[in-house]
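Undergrad: Submitted below is the structure of interest, expressed as structure tokens.
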Amino acid sequence: MDLIYIPEDLSSCPKFGNKSCPPTNRSFRVRLIMYLLMTGAMVITIFGNLVIIISISHFKQLHSPTNFLILSMATTDFLLGFVIMPYSMVRSVESCWYFGDSFCKFHASFDMMLSLTSIFHLCSIAIDRFYAVCAPLHYTTTMTASMIKRLLFFCWAAPALFSFGLVLSEANVSGMQSYEILIACFNFCALTFNKFWGTILFTTCFFTPGSIMVGIYGKIFIVSRRHARALGNMPENTKGAGRNLSKKKDRKAAKTLGIVMGVFLACWLPCFLAVLIDPYLDYSTPIIVLDLLVWLGYFNSTCNPLIHGFFYPWFRKALEHIVSGKIFRSNSDTANLFPEAH
């Protein structure tokens, strides 16, 4: 999601003629390093999420309510890496927008939509995990196929309507005279918000889903620890392999959820705080800081497949099938990705 820095000195702005690029003092070496780092993040985002998309779509063993939510989120993160990040990279490195005003509005709208869609998916997955861990007896009757479809529809439709409606109507920049002058002067493309819409965006699109996620994952963590302690206190002669496996899974679930929550907050909290606070500081935050915050938010989509790779054995097994070409064999869709279950 884009942010903007509005410079105070617009005296050099041409009143007539072609728009120019904002001045930049970055050396070739600095730009090269930036391109390499951002390209690396893009490649991981695209191919990491593509592995998740192929795996869950192909292997029947992965067809579950939770994984369909993960599949949809991976699609969101893949689109962010494939459609949004390349243009954002050029804009961030060159400090200029070369792709026209019309595409600027589409890019800003789609960028905002995908960023919010990814956040809403994380919240939906938290709800799914809450019922699976804290109310397992009600899970199958609550998280039905119909419920998953409704969650997915909301995760995509609400951000799309909000993002495209806000950007195309230009309500987010209403009353911002300095922004209008900047756009008229330079080849510049960034998403910014006035005080009203900055507050609305922070409250509805970050604080609310973030609070829900923190509350849910906190509850899941407590329940998982309680299950682990209960299994640990049982007499040795009543423990079986299944109970030991359950204890291990509970601990792993609590650890994974903590990492997911920590990565989410680390990536998105600074960006949304800038959205909230910068309008009250007369948009004085340096552009290099805002660029860093934008890419930190993008990095959440880069981290999601990495988290799966480290903590979900099925991801590594599916990746092995894809890389080795086993996925092209007949009946490969029925391959067992959970050998420890047998």
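Yeah, the Cβs are placed from backbone N, Cα and C, and that goes for glycine too.
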Undergrad: Let me make sure I read this right: Swiss-Prot says Cys189 forms a disulphide bond with another cysteine. Which one, out of Cys104, Cys123, Cys267, Cys271?
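TA: Its disulfide partner, as Swiss-Prot records it, is Cys104.
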Undergrad: When the topology given in Swiss-Prot is taken at face value, are Phe110 and Asn194 found on one and the same side of the membrane?
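TA: Same domain label for Phe110 and Asn194.
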Undergrad: Looking at Asn18, Asn244, which is the one Swiss-Prot tags with N-linked glycosylation site?
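TA: The residue tagged N-linked glycosylation site by Swiss-Prot is Asn18.
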Undergrad: In Swiss-Prot, one of 75-88, 131-144, 173-186, 271-284 is tagged region 'Extracellular Loop 2 (ECL2)'. Which stretch would that be?
TA: 173-186
Undergrad: Which stretch from 36-56, 69-89, 199-223, 287-307 shares the most C-beta pairs under 8 Å with the transmembrane segment (151-168)?
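TA: Stretch with maximum Cβ contacts: 69-89.
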Undergrad: Counting by DSSP secondary structure, give me helix, strand and coil numbers for the topological domain 'Extracellular' (194-198).
TA: 4 helix, 0 strand, 1 coil
Undergrad: Let's check the environment of Cys185 (disulfide bond): how many other CB atoms sit within 10 Å of its CB?
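TA: Counting Cβ neighbours of Cys185 (disulfide bond) within 10 Å gives 17.
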Undergrad: According to DSSP, which of helix, strand or coil covers Cys104 (disulfide bond)?
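TA: Cys104 (disulfide bond) sits in a helix per DSSP.
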Undergrad: At an 8 Å Cβ cut-off, counting only pairs 6 or more apart in sequence, do the transmembrane segment (69-89) and the transmembrane segment (287-307) clear the bar of 3 or more pairs?
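TA: They do touch: at least three Cβ pairs between the two stretches lie under 8 Å.
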Undergrad: Please list, in sequence order, the residues in the chain of Cys104 (disulfide bond) that are at least six apart in sequence and whose C-beta is under 8 Å away from its C-beta.
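TA: The list for Cys104 (disulfide bond) reads Trp97, Cys189, given in order along the sequence.
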